[in-house]
Structure formats: C-alpha cells, structure tokens
C-alpha cells in the first residue's frame, strides 16, 4: 500500500551506484549484514522466548498479599477477550492526493499491576533462588472495583474485558520540492557527504483517518522495528559485516569536496525542525490525560507534560518502545530494518503505596580519599561537613519515622582506615588495614550502625577526619582494594548496600587494580582505539562481578585534574547499577554547589537493591539484547546491585515465529529487589503492542526519541569491539535502510529527486547526526579520553527523555521572557543562525547549562539578571546567577530550577559573552551546525542520507 510522507529533493538526481555489500536492487545484502548490531562482549544475550499467556506460581500460604491498589484487576492467568473498539484520531492533512486507507483488526486488551507485594525472602538470596522465584511467580492484577477476596477466592482465572485500540493512523509526509540538480560527486576518500543543498519543503496530504478522534489519546510518532542484533561470542565480539559507508564531514576531518557547479543555499527553515515537532506535540497533547487502556497506542513525546492514567498497560514513564506495532514476520522486520526495542525504566518516579516488612536493611558506606591533594583543596572537610547534615535525609519508607539504612565510614590513601562508631563509645576508634593485597574487614560490631543511635560519635568522627590527616604528604592512592573492603563489609553483614567513593587521582600505588597512564593519542583513528574504552586490567571486571553477586552498588565521585582512566575506574560503577560523577579541576568556591547538589540527590534517592530483572514476551518474539548499567551472568537475568529512578535498561527484541494481528505482542518486565527497609519485593510492568502485516503501520507508530536511545546505547557498546569508523558507517547505513524501505513500500509515487520521510520519523536524520557528532564517536586529540569514556558511561543508563535532551539541547531565547505570566519562551533550533546580538539565550543538555549573552543585549535585561550597569561589567566567572528581587531574575531562575529538577545530574552554569573565548565551547552544542571537530551540519547529513537512499533504491 502507498502512504504519504515527507518529501525532499535529493542532492543528486542521477542514479547512484549501489553501496558495497548490497545488491544493485533494494533488498537483502549480498553478504550477511548484521544491520545496526554491534558485537559487544557482554551485551549480546540471546534470551530464550518465554510465553506470557500464563505466569503462575503459588504464593506461600504465609506470604501476605497486600491490599489491592485503587482501581485494579487481579487474575492468575491471561484470559483475555476482545473489547469494543476505540475510535482513531484524524490525521493532520497535507496537500496532495491521499493513498488508500489502512485497515486494522481487533485484539484483546491486557492489564497490569505495577507494584505487587512479593513473599518475604532473605535479602541474601542467591541469584539462582531469585531467578527461580521470578520463573515461578504469579501475576496479580487489580482493576477497578475489584476486591482482594473476590479476586482470590476462586481457583479459576478471572476474565478481563478491555477496549480495542483505534484503527491505524494515517501517515503524513513532508515534501521537499525539486530544486537545483546537482551532478554526482567525484570519488572522494573523505566520505560520502559533501555540502550539497536541498530545496525548500512542502507538505502533502496524509490518509484520512477511519474514525473520530479518541478523547483519551492523541496518536504520536512511535518507533520502528527491525531484526534483532545477533549475539556475539569472542572477546568483545567479532567484526561487523556490512557495507562500509563514509560519514559526512569525513570523520575526523572536514567535509568532502564536491565537483560541479555552485549550488544555492537551502533555507534551514524548509527542513524538519525538532523544535516544531516538540512544540506541536505539546500543543496537541500537553496537559491532557493519557489513558493506557488501549493496546499499541503511541504516547506523547517525552518532552510533553501530560497526566498518565494507568488503565492496564504500563505507563510510558516505565516503558517506551521504538515502535508500538511490530511486524508480523521476521522477513518483514528484516525488510524494514527498524529495530524492535523497549526502553525500560522500572523505578521511574510515581506515587506508590507498599507494605513494610523489615528484615535486614541495606547499608551505606562512605569511603573518602584523604591523600594530600584532597586534604589541601578542602574537599575532605567539605564532604565531612555535608555528611553531618545529609545523614538525616537517608531514604526511608513513607510510613517510617527514620531510615533503617545503616552507615559506615572508611578513609584511605595507600592504606585503609576503618572506624568504629558504636553508640556507646565516647570517641570513634580507627583500625588500619595496611595489607591492601589481601583486604579484610577488621571489625563488624560498631562499623555499620544506625545513624540516629550513633549520631554524636559519627559527628565527632566527621569533625576529626580533616584534622587527623591535615599533615599528610601521601599523594599515592589505591582504588580497587577500597571497593573490595566495602563489598566484604556488606557481605559479612549479610546485607545489600551502596558504596559512596570520593576519589581524585589515578591509583598508582602497589595494589590490585593498579593503573598506569595510557592516554595515547597515537591510537586515535586506529583499530586499537577501542582498547581505550576497555578496562586496562581484567581485575575490575572480576571485581564488578563479585560486587553484583553480593548486592554491592558503587557510586563514584571523581575529582580529577588529569587523566584517571575512567574506562577502568568506572567499570564497577557501571556494572553494579551505580552512578558516576566527575568534576574536572575541582575548585572549592566555584564547584562546591554542583557537587553538593549531586551528593544530596544521590543520598536521598530511594533505590532497589540486589535486583534481578526479567523481560518476558508472548509467543513469536523474544528479548535478545540488553543495554544499560547492568550485569548478565546468563541470557535471561539482568542483574543490578542497585537500581534507582534515573536508570533505564533498553531491551531489543527479535522474531522467532510469526505474530498474530489479533493477539498482538505482549511484553512483561518483572523486577525482584530489596527495598530500603529490607523487604523483598516484586515490581511488574506489562505492555501490549499491535502487530500488522502492513509496513506503513510500523512506520507511523514509531517513536524517534526511543529509537535514538537504542541506537546510542548499541553504538556505544559497539565501540568496545569495532573501529569507530565502522560504527559510524553502520549508523548511517541503518538510517538509510529504514527510510529507503519506507520510500519503496509506503510512500506515494514521486520523483526520484525527492527525499521522503515518514511523519513519525521526520527528525530522525537530525537526531542521528547529533549522535554521530557526539564526542564518544569522534576521534579527535582535542577531546580528552576520560571525557569520552565518561559520556559513554552516562548514556548507557539514560532513559528516553535524558538522551533526547543530551543529543538535541534545549535553547531558549531569554530576551523573549514574558514577565506577566508563567509561560516559558518557545525553544528555538540549535543553530548559530538563531542567535542574535541583541539577545540572551539559555541552553541545557542535562549535563551543561549555558547563558549566552549577545553584545547588544538590552540594558534592562543586564541590570535585571546581573545587577550591573553594562555588558562590559558582567563577570563570566560566576557559576550561579545572583539572587535578585526583580521579575527578570526570578523568572529565569525559576526556569533553570524547573529544567534542573527533571534531570539526574546537577548542571553547572557557564556564562558566555559573545566573541569571547568560551563562545567556541558554547557553539559545540549548536548541533544543527557543522562541528569544529568535523561533524556534518544537519543539511549536509540530510543530503548524505538521501544519496544513500537513492543508491539502495537504484
């Protein structure tokens, strides 16, 4: 069937030769191309398919099942029936002839319970025992009007009748009308993409919808599916087969040179705008109720605020999918080459009521590097002073008066110092462990204590630590033995927990895990570059595995002023579900607010400990690959020493049989974990997706934001085993294949010179280009290796909203503030063309904040924000805005606080004045422009993708 889409003029109207590795016609490659799959060592897991039609296991008779949450259904088997259909939404109309309407079919609804109680088990249950519990669990789903007695009294499964989803939505397209014809470029070793121009864009109609709009839901772009990534064996996986494509801008150099006549410039406003897509969705769906009672519906974008009404399927806060309609066969999936994946954030913040059964609570151990540099900089005193306040804010259950979490303290340099802070002591006692080769815990009684009971002794200790090491000259440190000691302490106490490690230098002292400086710029752009992302020694992988087995999570706060090998030191943090923070060249006055804010948020989080997650599916497909801050000892169990509200696991699926349009595709995520009070609990999320034999249905339900999350994580894993050039080429190839399949099978007939983009994926090229230009995938000596490894690790645990902002920052024109109401200025596109000398712009990407000031900005704005008389008087040294009592200051600080509150990391503000040195740093975040490190502009990349599509179709 044909579908309307976005259409654009390509850079070249002539036929192009096929891409290496592909046949001349569009179809399967001549070689076995593992499209988009990167051979990562521990990431490729082939999980056996497990059906979801039944999930039963007897709960122990003594195990209480908590009261049903408000408005829920309970059933012991999935006995589902078709319900009434729900009207679909009318599509937005574009000018042009409509193609034939799509047809849909009915299918059953599927309900879920997000937080059922689980029988109390020991916190120290082994992985095998926990896996068995998950294998044999019974799903309890509560629905409106149900009671516990009525649900549990019968041995027969309860029937659940729910509504049907709306008919398939009409697809929209955008047309970029024919412009100047550009001859094919001469062969160029620098890459495929030069700088041809594209003509302006126009729109064509979509297909009329088959029913009236749904009041509860407004359909949105979703995500497309494709064959799963095959498991890799080998050390870090074998090399990837497939076409070798070049990247625009010819990484890492500049753009390729183009032969032929000079082309007229393309108006940037004529190509798809992420800002417009985001704002359109906010306009159409912002503030509305999104009910999850319909299978396969596409949720609002992550950038749209709405009210989630849980009516059976998992909230998009928990699960977002790359597409909400899976192809019915693997052949169809291979043809579309759209990944089938779900981004799962099992501990996303939502109101929840849970039972309280306190066996052994977790413990927090604070481990402070007291080497010369940390003492001299004042960092140790800063940490100790802050802990005296923060320990009152340890996470607790809502019904508890105080936290059940116990605390312990260790300091270290070349040796380790354990402290006895038992409540009956007058003074804390120190015990030194100097044998760091065979670390042991010198005491148990008095090491892990209740803060409320030992408050005076702990405060005494925190006062003494800076003085105790004030005269130290020791500059060498150990690192791995510190983690070993903390893990052994938790193991001896038979509880799970978290280590908070504050460290500043490369661990060069003689001890297990000793590291050397291996920051070798000569390895960039070679096959050995991938080794810089791998741990330097195998010891850290073994240590990470032991930590996960013992429920020991590691949060690492780094304060480096030179290379510290983040790829090695951060490995344990990544595998244990911990969080890595890094403060380069830490200065007490300017960097303390950012660090203390991160520390407060980290300590106050309410994580689940010693967690095991399983993802089950209905018949016909299975989970194959898992991406995140996780460890997997087998192909089915995702293990996390801890998981919190900011951690997301991305799961990719693969067909192993045909799917049925009537029954759909069902996904269940079950997480078994220990609560902050020590209770063993089970959290379950279920979601149902549509299935279709029509490719158009797949494309129109795609969610681009979730797609980029998957592509980023899979690419960032791939660089452990593949050259960066190969990884970049695979990303370009994947983009071209998805869009070529849409053009060939779904779009209305049009001139070859037009680029056609599905409406739901019209900003995929700009987001993909942002990913390709990220510092992780760009090999340049100017970018510190530690910074690249740090960004790689952060992205691996991000949810969809975080990767969306990270790769395409938010840029707000502050000079357009409306002081009469609470509205935020509409965001503008991330391009230098949007900046004005008379303006002021605020930019945020989740890690950084900038306030860019034009040289001719209004005096009243200067006075209102900085309380100085002129532009020349503005200081760029400040990292916080002054707290002024005027409308400009209050409004901007309110906007910044709101954006900050939604992100896991505290963003340090940098004030940038136009035409001064930091201006170049700011412009790196204007992602639609050409990068100073060689990345292509949005326009150039769009031309590159179009040329690749034409080659595939020819």
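Every residue, even glycine, has its Cβ placed from backbone N, Cα and C.
Noted in TrEMBL for the protein shown:
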- 1-17: compositional bias 'Polar residues' (COMPBIAS)
- 41-56: compositional bias 'Polar residues' (COMPBIAS)
- 74-89: compositional bias 'Polar residues' (COMPBIAS)
- 105-119: compositional bias 'Low complexity' (COMPBIAS)
- 120-153: compositional bias 'Polar residues' (COMPBIAS)
- 212-221: compositional bias 'Low complexity' (COMPBIAS)
- 359-602: domain 'Sec23/Sec24 trunk' (DOMAIN)
- 608-691: domain 'Sec23/Sec24 beta-sandwich' (DOMAIN)
- 704-803: domain 'Sec23/Sec24 helical' (DOMAIN)
- 822-896: domain 'Gelsolin-like' (DOMAIN)
- 1-172: region 'Disordered' (REGION)
- 186-276: region 'Disordered' (REGION)
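Looking at 359-602, 704-803, 822-896, the range that has the most CB pairs within less than 8 A of the domain 'Sec23/Sec24 beta-sandwich' (608-691) turns out to be 359-602. Taking H, G and I as helix, E and B as strand and the rest as coil, DSSP gives the domain 'Gelsolin-like' (822-896) the counts 24 helix, 12 strand, 39 coil. Each residue in the domain 'Gelsolin-like' (822-896) has a pLDDT score, and their mean in this model is 94. Residues of the domain 'Sec23/Sec24 helical' (704-803) grouped by DSSP class, helix first, strand second and coil last, total 68 helix, 5 strand, 27 coil.
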